2 protein chains.
Amino acid sequence: MKNIPIILMGCGGVGRQLLQHIVSCRTLHANKGIHLRVVGVCDSKMFLVTPDVLSTEFDDAFLMDICKTKFDRLSLEQCIDSGKCEASSYAESKRKLADIAARIGYVLVDCSASSETIEVITQTLNLGCCAVLANKKPLTCSMEEFDKLFLQPRRIRHESTVGAGLPIITSLNRITSSGDEVASIIGSLSGTLGYVMSEVENGKPFSEVVKAAKDLGYTEPDPRDDLSGMDVARKGLILARLLGQRIDMNTIKIESLYPNNMGPSMMTLEDFLANGLPLLDNDIQEKVKKASLNEKVLRYVCILQNSMCMIGIHEVPKDSALGRLKGSDNVVEIYSRCYEKPLVIQGAGAGNDTTAAGVLADIIDLQDQFP
Amino acid sequence: MKNIPIILMGCGGVGRQLLQHIVSCRTLHANKGIHLRVVGVCDSKMFLVTPDVLSTEFDDAFLMDICKTKFDRLSLEQCIDSGKCEASSYAESKRKLADIAARIGYVLVDCSASSETIEVITQTLNLGCCAVLANKKPLTCSMEEFDKLFLQPRRIRHESTVGAGLPIITSLNRITSSGDEVASIIGSLSGTLGYVMSEVENGKPFSEVVKAAKDLGYTEPDPRDDLSGMDVARKGLILARLLGQRIDMNTIKIESLYPNNMGPSMMTLEDFLANGLPLLDNDIQEKVKKASLNEKVLRYVCILQNSMCMIGIHEVPKDSALGRLKGSDNVVEIYSRCYEKPLVIQGAGAGNDTTAAGVLADIIDLQDQFP
């Protein structure tokens, strides 16, 4: 039986779902000769480690306790059980991880949303261990820090940073390693903005569509977090860097769907929804009409082409995979020598279940790094 | 530099293209710390091996000689060069491979179309080496023989056996290893039949579409080889077995697009094209019309559901990924817990360039098996 020790950072939605997946897949993985052994978990405050990382692990009951605690939005402090774990503060995690790496190889799984995890991820990789990321932030830091993460590219996986569990990064890595030259990528990488753009196409006012999306729980609590395009830009930057573009967040042209004077520092959320948002309706409606005259529709996309990365509204042919997109699916079109007509990957690109499934597939894909 | 020794079986279209890809990707792979070292090639007659598999390899000039020879439809015998290789007959390949495996680990790459390679592939895997297949035949043998190939599933790859380079098998393996339960798969896995079905949808007679496809070089020399559905059935069987179905070719329900009395043993190709094929027009046209009344279109698909595998004409919604398919693209819709709306993968599913690219990506993906 191959034994893969796991240390999880971030036990919110995705991390919690991952623990549940690990527990429910025990038989499946045993049949493949794999045992996933969770030896540590941490949130922003606490780091819990099994007393002896070489021979013990958190049992399934304890993992389910952790899930319940985090579901109740409590700290891991609640889970401290002297028989089952040793607790230290999150601040000590760097030293603790070094201790563990000296004893066993492990996979550090980052399901947090923090930009601070990059330090322990880099340390983990430098110490010969592996990392799996659902967290986009460490991959959208400076180019210098990004390079450090990929010094040993076979020991890091991050499928769930773009399109949740959709096999976008896996596919892109296969294409580039086969020497096929990617000419361009165009993708709708935000389920929220995909929904918004396909609804305004049907004639509904932008402001009403955004408010409906908020009510459906499709947007962040403040929809401007989606409308700014920053989340799409992070995904675009990750794809761009995989294609070899040496760029930073500040090099990317990002079109925000609201003007600066409606930003969170200028306008409250209530004011934005009631008075700001409706002012944007006409402009969007004009663009929808103009596109329609050319048999095109508007999509909020990421475009990678000619060493450029652009994020914003774009007219796409009505009968392309992007143009036919409905609802909150993600879609990516990859154009290359082999795919003059694009390789299209489409499906649900968000959700804890799907994202955690992508993380778990990444962990399993690292199995050859373990004896 | 990681060194991956390769032995290629079958140097026809795909194999030849693979050798060209390997040569043209030298710098790309060197930058990733990988050197692909071709130490042997064989066709149905000859097996050429480098004089010392431990330290020598076929140089790029020799590999290009092989490509040219096979392009000219000559035997590898023409390439025998006492300074560069040792030649033996294909019949000796089993013994030769055992000798090589005793000295180095290698990847056996099967780009042939033979059902006989299964013996040396199984031997290769049993001896601790790796295999990459573009050849479907070894995977569509008996369940017993199939099981032997997957005793060490990490050492065998076969993406190019379904949909050429499209990341279908990679994606399916990721989904199943994450514990996501696949409910069904429906796919158009023949570029030829995809083209035929989308053309008859536009009102053209079936017989004319098939003849046009033949003239365009989309079909096999005898189009009945495509119309029989056997090639799609092989792909369907491979996907079914990946999902855990323990079935054989003779368990699959295959709908042929021509009746038994028009088969190759009953009718010459000329007679079939001139007199047989037109008799089938009415029936297909009726089906097209019937489907159209329900906002559906006909596709020749593989359906995997409830432990069943069916191959044949099926009505699909006009506005689904399958229904919108045009031309010779392949498309696969995967339905699962995470993908209630399907995960869709679409793109070119044939061609030597794309197929060889998929094989090369598989080889690179095996790199962790090499020291």
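Positions of Cβ are set from backbone N, Cα and C atoms, glycine also.
Any TrEMBL annotation is an automated prediction that lacks curation.
Secondary structure of the domain 'Aspartate/homoserine dehydrogenase NAD-binding' (A:10-150), assigned with DSSP and counted as helix (H, G, I), strand (E, B) and coil, comes to 68 helix, 25 strand, 48 coil. Taken from TrEMBL, the feature domain 'Aspartate/homoserine dehydrogenase NAD-binding' covers A:10-150.
Under the heading NADP(+) binding site, TrEMBL lists A:Gly10, A:Cys11, A:Gly12, A:Gly13, A:Val14, A:Gly15.
When Cβ atoms from all protein chains are considered, those within 10 Å of A:Lys136 (NADPH binding site) total 20, not counting its own. Look at TrEMBL and you will find A:Lys136 tagged as NADPH binding site.
Feature annotation from TrEMBL assigns domain 'Homoserine dehydrogenase catalytic' to A:167-364. Per-residue pLDDT, averaged along the domain 'Homoserine dehydrogenase catalytic' (A:167-364), amounts to 95 for this model.
Taken from TrEMBL, the feature L-homoserine binding site applies to A:Glu220. Non-local neighbourhood of A:Glu220 (L-homoserine binding site): A:Asp226, each in the same chain, at least six residues away, with C-beta under 8 Å from its C-beta.
Same-chain residues at least 6 positions away in sequence with a Cβ under 8 Å from that of A:Lys235 (active site, proton donor) are, in sequence order, A:Lys136, A:Thr161, A:Val162, A:Gly163, A:Leu189, A:Cys302. TrEMBL lists A:Lys235 with the feature active site, proton donor.
The residues near the NADP(+) site, meaning same-chain residues not in A:Gly10, A:Cys11, A:Gly12, A:Gly13, A:Val14, A:Gly15 whose C-beta sits within 8 angstroms of the mean position of the site's C-beta atoms, are A:Arg16, A:Gln17, A:Leu18, A:Lys70, A:Cys111, A:Ser112, A:Asn352, in sequence order. Listed binding-site residues: A:Gly10, A:Gly15; maximum Cβ neighbour count within 10 Å falls on A:Gly15. Secondary structure from DSSP puts A:Glu220 (L-homoserine binding site) in coil. In the shown protein chains, 28 other C-beta atoms lie within 10 A of the C-beta of A:Cys11 (NADP(+) binding site).
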